[in-house]
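The following features are taken from TrEMBL:
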type: ACT_SITE; residues: 81; note: active site, proton acceptor
type: BINDING; residues: 82, 85, 87, 89, 91, 103; note: Ca(2+) 1 binding site
type: BINDING; residues: 178; note: substrate binding site
type: BINDING; residues: 208; note: heme b binding site
type: BINDING; residues: 263, 266, 271; note: Ca(2+) 2 binding site
type: DISULFID; residues: 50-130; note: disulfide bond
type: DISULFID; residues: 83-88; note: disulfide bond
type: DISULFID; residues: 136-340; note: disulfide bond
type: DISULFID; residues: 215-247; note: disulfide bond
type: DOMAIN; residues: 40-344; note: domain 'Plant heme peroxidase family profile'
type: SIGNAL; residues: 1-30; note: signal peptide
type: SITE; residues: 77; note: site 'Transition state stabilizer'
């Protein structure tokens, strides 16, 4: 099932974001060429070495999306969880080995992290087209960009040229990835440590406009708020009752597979409905509610909730590109893996 999204050229954007969106759209419509970017990355990095690379990745993501409309959310989350630990080096894709438990087996990632199969499918096709050329780290950035396009309708360029890392450690995940129970202070500390502003943090939180959550990630808010036997008072009664019907107490177990949509209104479309849900309290994670806890972040939530969805999408695209540049390996650093789940 495909989701109908507006074409990039039809997006209407308020003046505050028009320049940014115009720049992103100009880049997306230009002929493919190599454009240097900061940190050793460049737009069109594979223009000569593997000219069909980006088209192959987009086609792979599109086919997966048509079969499962939740694919974009899976891939964007996979991308974030990679970049926030050790940078965008595809360390999240590495499987555990004897003597080393990898990131993907941390409780923050297993069993909830998904989308590995889409990355593997793209890698297999790329190895046939251009052997030992396109990195798994670049595939992750491209699938995230393409997911935002498919779910939100905004097309934009993202620089490539990343190399794959050699290390993946399970015990590095929780200290780097934002937790669903974080308050405003912890969220800001986490994002600023990665070089992001409060505005970018609120903008990136809009990724929760799509996707699902395991009940175990928020049942404490339903049944044991701060160790009590009550429900988080910030959760509206009707929403709490709905979540309790979908997530009974037994779903609190870490390995329980029961899931709910993060946004019941437009579950497969990236838009500003998420921010309206935050204002109404109809969100699963404490970290979403926490965006209202400081004047600056609350003002941004209200701005995005009331504004044109295209304005938020343009800012989200810019923030996603910034995430893709976190602590990248380039040049002679790292390697180009032949198989994304293990080092060469």
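Yeah, the Cβs are placed from backbone N, Cα and C, and that goes for glycine too.
Any TrEMBL annotation is an automated prediction that lacks curation.
A quick note: this is a predicted structure, and the numbers were derived from the prediction, not measured.
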Cβ-centroid neighbourhood (8 Å) of the Ca(2+) 1 site, 82, 85, 87, 89, 91, 103 excluded: 81, 83, 84, 86, 88, 90, 92, 165, 168
Rounded Cα separation (Å) that holds between residue 88 (disulfide bond) and residue 178 (substrate binding site): 16
PLDDT averaged over the residues of the domain 'Plant heme peroxidase family profile' (40-344): 96
Listed binding-site residues (82, 89, 103, 263, 271), ranked by Cβ neighbours within 10 Å, top entry: 82
Cα-nearest neighbour of residue 215 (disulfide bond) within the listed recorded positions, 81, 85, 178: 178
Using Cα positions only, nearest of the binding-site residues to residue 83 (disulfide bond) (89, 178, 263, 271): 89
Residue from 85, 208, 271 whose C-alpha is spatially nearest that of residue 77 (site 'Transition state stabilizer'), among the binding-site residues: 208
By Cα-Cα distance, the member of recorded positions 81, 85, 91, 178, 271 nearest residue 50 (disulfide bond): 91
Any further residue of that chain within 8 Å (Cβ to the Cβ centroid of 263, 266, 271) of the recorded Ca(2+) 2 site: 209, 210, 265, 267, 268, 269, 270, 272, 273, 274
Alpha-carbon spacing, residue 178 (substrate binding site) to the residue listed as 'active site, proton acceptor', which is rounded to whole Å: 9
Cα distance (Å, whole number) from residue 103 (Ca(2+) 1 binding site) to residue 340 (disulfide bond): 14
Sparsest-packed of the listed disulfide-bonded residues (88, 130, 215, 247) - C-beta count within 10 angstroms: 130
